[in-house]
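Q: Take this structure, written in structure tokens, and hold onto it; I'll ask about it next.
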Amino acid sequence: MSLSQRTMAALLVLVLAAAMCAPAARAQLVMEDVKRRIDLTSFRAGFQTKLTVRNDGQTAAESVLLCFPNGLLDHAAVIETGDGGTKLKWAVALPPADAPAGVGCRAFQLAAPLGPGAKVSLQSEGLFTHVLQPKPAKIKQNEPQRVVYQDSAVLASPYAVEQQSTEIVLGTSNTASFTAVPPSKQSGSVVQYGPYQSTAPFALQPISVLYENSSPFAHVPELEREIEISHWGQVYFEERYTLRHAGAQVVGEWSRYDVMTKPAEFARAAIPGLSATLPPAAHSLYYRDAIGNISSSEARFGADQVSVQLQPRYPLFGGWLVKFLFGWSVPLQNCVTKMPTGRMAFVAPLGPAVHGLVVDQLTVRVVLPEGARGAQVEVGLPLEVPPEQGLKYTYLDVMGRPVVVLRISNYVDELNLPLKVEYTYSSLGLLQKPLLLVAVFGAIFAAAIALNRSGAALKGSPSSQAPRHRAPIRPISVSSSSHVAVASGGGAVQAPGVRRAAPATAARNMPVKPNKYIEEWGTRREHLETEYKWDNKTLITLAIWIGAVPYLIYQVTVGEFNRTDAVAQRPARAMLGSES
Amino acid sequence: MAGEAAALAAKKLAYGNVIAGFLLLAICVLATSVRLFSVIKYESVIHEFDPYFNYRVSRFLTEKGFTETWDFFDSFTWYPLGRVVGGTMYPGLIFTAGAIWSLLQQLNVPIHIQEVCVFTAPLFSGACALSTYLFMKEVRGQGAGLASAAIIAVVPSYISRSVAGSYDLEAVAIFALVFVFYLYVKTLNTGSLKWATALFFGYLYMVASWGGYSFIANLLPIHCLACIVFQRVSVRLYIAYAPWVVLGALAAANIPVIGFNAVLMSEHMASFFVFGLLHAALAIQYIQHMLPPRAYSAAKRLVITVGGAALALVLALVVSYVAASPTFGWTGRSLSLLDPTYASKYIPIIASVSEHQPPTWSSYFTDLHIASLLAPAGLLLCFRPLTDASLFLLLYGVTAVYFSGVMVRLMLVLAPAACCLAGLALSEVTSYLATSLAAAHQDDAAAATASAAASRRVESEAADSAAPSNTGTSKRTAKDTAASASSARKGGKAAKKSSAASGGDSWLSDTWRPLPKDVAIVGLILVFAGMGLFYKHSVFVAGEMYSAPSIVLQSKRADGGVKVFDDFREAYAWLSYNTPPEAKVASWWDYGYQTTAMANRTVIVDNNTWNNTHIATVGRAMSSPEKKAWQIFRSLDVEYVFVVFGGFIGYPSDDINKFLWMVRIGGGVFPEIKEPAYLGADGNYRVDDQAGKALLDSTMWKLSYYRFADCGPMFGAPRGYDRVRNTVIGKTDFELKYFEEVFTSEHWMMRIYRVLPQPNRDTKLRNPRRTKVTNRARIKRRAASGAPA
């Protein structure tokens, strides 16, 4: 099934669920038993709910509504519900009219309609991101990081619940406070609410837990993942991270000495490093940022995977930010296979190689080889934003390479989505670039040859026929009375007058192409040398050209300068002759 | 017989040309690849300090375009003054890299400008080898050209400024320098206006690339003057020189950083002066040609008296104009070249830069190696025969030697000269030896039949045949073959010269006699051994000494691995991502370019040391006690201050070691900073308990050593032990009142502090809320603490 079909189906289910299923099925269902377990040990909130649903109504129920208070659903990265064997399909549902503000619901379609009186056991699991808020938001370097979690002590259920209990696992016994809803108690690192009997629909009991959580809040506001497929043999992966520690912001003095000597106290929530896993054939790894290579990384090449430890340039403390690039290559045959239909199929994980992150906005670009057609994308999830198509021009591209862009928000490792891109590509396309280069260079050489063969004009220039420099140079001595001319003759320093007459003949025998300007100049010069007379007329001409014209030019220039100075309201500049 | 010989000779010439072409290609490839050690050993990154500015402007060029770059006003530096970058930089390098980048962009090669910048210098080193070949080919011949190219390709002095990543002006400027020389000599030899035009464009590129163009602007006049004095004035000289003066001055004036300096500063006076002189010399020639001898001598007397008077007048005017300027019309940097003591006396900023110090003798050998031995021989060979071109080479060599003696940095100008001279010597020596060898070989073959007249012809043929026979025999390095090919060419030429029985312009050609075979063989072996050593030395130097990018340090670990100290970039990255984008960062000026380029923050001072007062202000803040420094920094809107500190790992070029220059430069403008106060009682600069009191109180001390004392035991040393100065520091435990440590890099090499908006309350003071304080006392205290009320 193609992606667009998938999306359509999802939309259809959504509309159906919103319009019909929810109100009809609601009144009939009853939750017999609900056991909730909320895991707050990391910087994300995980939950695990076991529920037994019974149909007390007259008609069969198609779906079950699961709801979450406090806008939690907006932060859901993944929610999966199963009935012991299969995963249930779901759709976003409008909360019932009597639901309190902030409640969001999802409608899970049961594998088989639940007949009247029948029961079904469901397990629901999920992850919320951005729900643990640091409190206080700013701490000193040695202060513990505390976070607050807000939920309801009872399940936000649109159905009546006969019996339920909630268990919150904190991973620490350092609880600052938690809202008491009897029977509730803390035992060790676990806070327990319940069991509660017979709760009405949406009878919420808001609770908030404030506790110490030293997890590194590794949030990635933006992550760009670019995959470039080259049918010359490699697939290039590059991931551009913006990593932020979203925990309590460290303010005030920050001491390296304390970090070095007492890391347990002064660097407790810092992100010291990240780990990534690459396929076993990965090679040519790089880890850098805008100002160069980041030297603190380590890769172990194993048989079934390559595991990489990446350390940012500096350990990330609360509120700090860092950006970096991480890239590698994989041989083509490890990623791309030719399907029986003749089309190519590229398969890789959709998500980033680095583990343990919360990615707010993940952008995946798949750059297909130039000449690929008919790209179809398949991801194991209906996408909120349909994939976009684009073009990218790199290495000697003429037509550009087709690019498929996928955008996913709130990505976590647990989604673990595969990415499959199918496209049509002819291996003949590989020949395009070599042929292009051959053609271009061939054209250049052909042009050069043609020019050389036909280029009499290039050879006939006077300068190439003039005496070459190898012909030693004839110096012209100041006391010599010979003609000033380019000439050939003896070479080295010579006493003046040693060879005065010899060179002239060589110069005269040369074929010279007459240049009309030079000829004209020669004529004038000859005129000046032989016929020029000093008389009144020539004197006046001379006076005009030597005296009057320069003077006028000078005056006009000075006038212009002064005028522009006046316009720009600058003080007038001192000119030659003007008093300064 | 003669026709066959001519055909054979033509064929050999063609072979020789092809071999020379391949050799040249090999030399260029070698010149480029020997500079890539830094990329292989470290990474593809911009090196050191100044290249970061060039890189940043190049990035600006690629983002904003050509015209925007001319108008680039940089508000990120010299806060609050800013810098008109377009008008104060030499744009040649940046536009070159930008042009290469945009060409690649046109071909859809997705390369980042940084990679282009990194590889510009090696690329142009190859081009420089090529232009050296052309230059020396013009001066003497193909053999000398190849030998010079082979030497300049790996000369350490040039490698030091042109390894990959060393994106400095010199990267293209040395190429441009040699290329301008080539064009000048070519014009001089051909007298062609076509080449004069090329010379103009070459000079334009040179002027746009480097302030060192003033070397050319003075060398060409010197050469022209020498030609006039030695009575070698010719039309070719006129065509080479006169258009260059006029057009060159216009070209220089078009580069904003030079502007009207092209006609106003004393650097350019010589060219105009000689321009006039050249015209005078030509005029005299012309008049002499026109007038009968008697009238000429009368005119000569008249002109000498009138001209002498006029000249005296002009000289007086020029002298009075020049003397009116405090630096005699020279720029400070030029004057410090003419008077080596000038900078240390008046401009501490110029004197504080290590590359502006005079070089030691050993650095001549390290940087030039065999070229420094061969160059004097080359100087002698310039006289054999002395042509206009070899006169030029001679003058270039002599002046470059002088300038290199003043400043280490100008070794770079000497390098091409030394290489050309050495190449000349090498090619002559090799050709002499090879020709002797070939002659001996021929003598063995046709010993009995050779008559005195015939032997000369045989010699010439033998010399011609030297190239193919040599190239075929054994393994060859590029250099080897260069030498042998050169020997063939030169040998042929020398032999021809001897057979031509010319009129005695060469002191050797008449008495040319082959050396004995054994001596020739030993000589050749010695020459090749010398060149082998030179290449070994150069490759070693390129790999070990000059390839460190200086922003990343490496040291060998005990287990043989490499430990990387990447503290500078760690701290710059921290500044870049974790401080407000508009924050101003203060540091010593050395790190200004790096901060703007890598941390992308506004700095107070940077490596373009144009405003001494501003730098002195920062020097004063660093030298002052904390409170005073806080006031200065607050007045400059500084939010972050960082210092470079080596005491933790033993990095010697840190701020404490540079501190005396801060004191000197600060004291030069603000007399309250007195250098003796920062020295120990014995007059030495020291950091132990004998240290000067002002040093212990200075902000630099506090920012460097804050909380450092306890680190001593970490590396098994006493408390407060400084690994650079190898001593326990004089003052260990103190608190900061006006600054706050916000980041220190992993090895403490960079320590960043925040300038507090209000000083920390001194814990020793009593809490003012508990005690009764009258309003007047409160005001008084506020005034004293300097805090804004």
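The backbone N, Cα and C atoms fix where each Cβ goes, glycine too.
Per TrEMBL, the feature transmembrane segment maps to B:12-34, B:84-104, B:116-136, B:142-160, B:167-185, B:205-230, B:237-263, B:269-287, B:299-324, B:393-426, B:519-535. TrEMBL lists B:22-422 with the feature domain 'Oligosaccharyl transferase STT3 N-terminal'. The region 'Disordered' annotation in TrEMBL covers B:459-506. TrEMBL lists B:480-489 with the feature compositional bias 'Low complexity'. The domain 'STT3/PglB/AglB core' annotation in TrEMBL covers B:584-641.
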Q: Check the transmembrane segment (B:237-263) against the transmembrane segment (B:393-426) for contact, please; criterion is three or more CB pairs under 8 Å, pairs 6 or more apart in sequence.
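A: Result for the transmembrane segment (B:237-263) with the transmembrane segment (B:393-426) is no.
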Q: Do at least three CB pairs under 8 A connect the transmembrane segment (B:142-160) and the transmembrane segment (B:12-34), leaving out pairs fewer than 6 apart in sequence?
A: yes
Q: Residue list, the transmembrane segment (B:205-230) vs rest of chain: Cβ under 8 Å, 6 or more residues beyond ends.
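A: For the transmembrane segment (B:205-230), the list is 90-93, 95-96, 169-170, 172-173, 176-177, 179-181, 184, 237, 241, 244, 248, 251-252, 255, 258, 267-268, 270-271, 273-275, 277-278, 281, 333-334, 388, 391-392, 395-396, 399, 403, 413.
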Q: Do the transmembrane segment (B:167-185) and the transmembrane segment (B:84-104) come close, with at least three CB pairs under 8 A (pairs 6 or more apart in sequence)?
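A: Judged by the Cβ rule, the two regions touch, with the required three close pairs present.
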Q: Which sequence positions outside the transmembrane segment (B:393-426), separated from its termini by at least 6 residues, show Cβ-Cβ distances below 8 Å to it?
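A: For the transmembrane segment (B:393-426), the nonlocal Cβ contacts are 128, 132, 135-136, 139-140, 144-152, 155, 157-158, 160-161, 170, 174, 177-178, 181, 212, 215, 218-219, 222-223, 226, 336-337, 340, 354-359, 363-364, 367-368, 370-379, 381-383, 386, 483, 486, 527, 531.
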Q: Which residues of the chain, 6 or more past the ends of the transmembrane segment (B:142-160), have a CB below 8 A from one of its CBs?
A: 16, 20, 23-24, 27-28, 30-31, 34-35, 125-126, 128-130, 132-136, 174, 178, 366-371, 411-412, 414-416, 418-420, 422-424, 426-428, 430-431, 478-479, 482-483, 485-490, 531, 534-535, 537-539, 541-542, 545-546
Q: What else in the chain is close to the transmembrane segment (B:116-136), if you only count residues 6 or more beyond its ends and a Cβ gap under 8 Å?
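A: Tertiary neighbours of the transmembrane segment (B:116-136) are 24, 27-29, 31-33, 35-36, 39, 44-46, 51, 54-55, 58, 93, 96-97, 100-101, 104, 144-150, 152-153, 158-159, 161-168, 171-172, 174-175, 178-179, 181-182, 185-186, 416, 419-420, 423-424.
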Q: Mind checking how the domain 'STT3/PglB/AglB core' (B:584-641) divides into helix, strand and coil residues in DSSP?
A: 33 helix, 10 strand, 15 coil
Q: Please compute the mean pLDDT of the model over the domain 'STT3/PglB/AglB core' (B:584-641).
A: 92
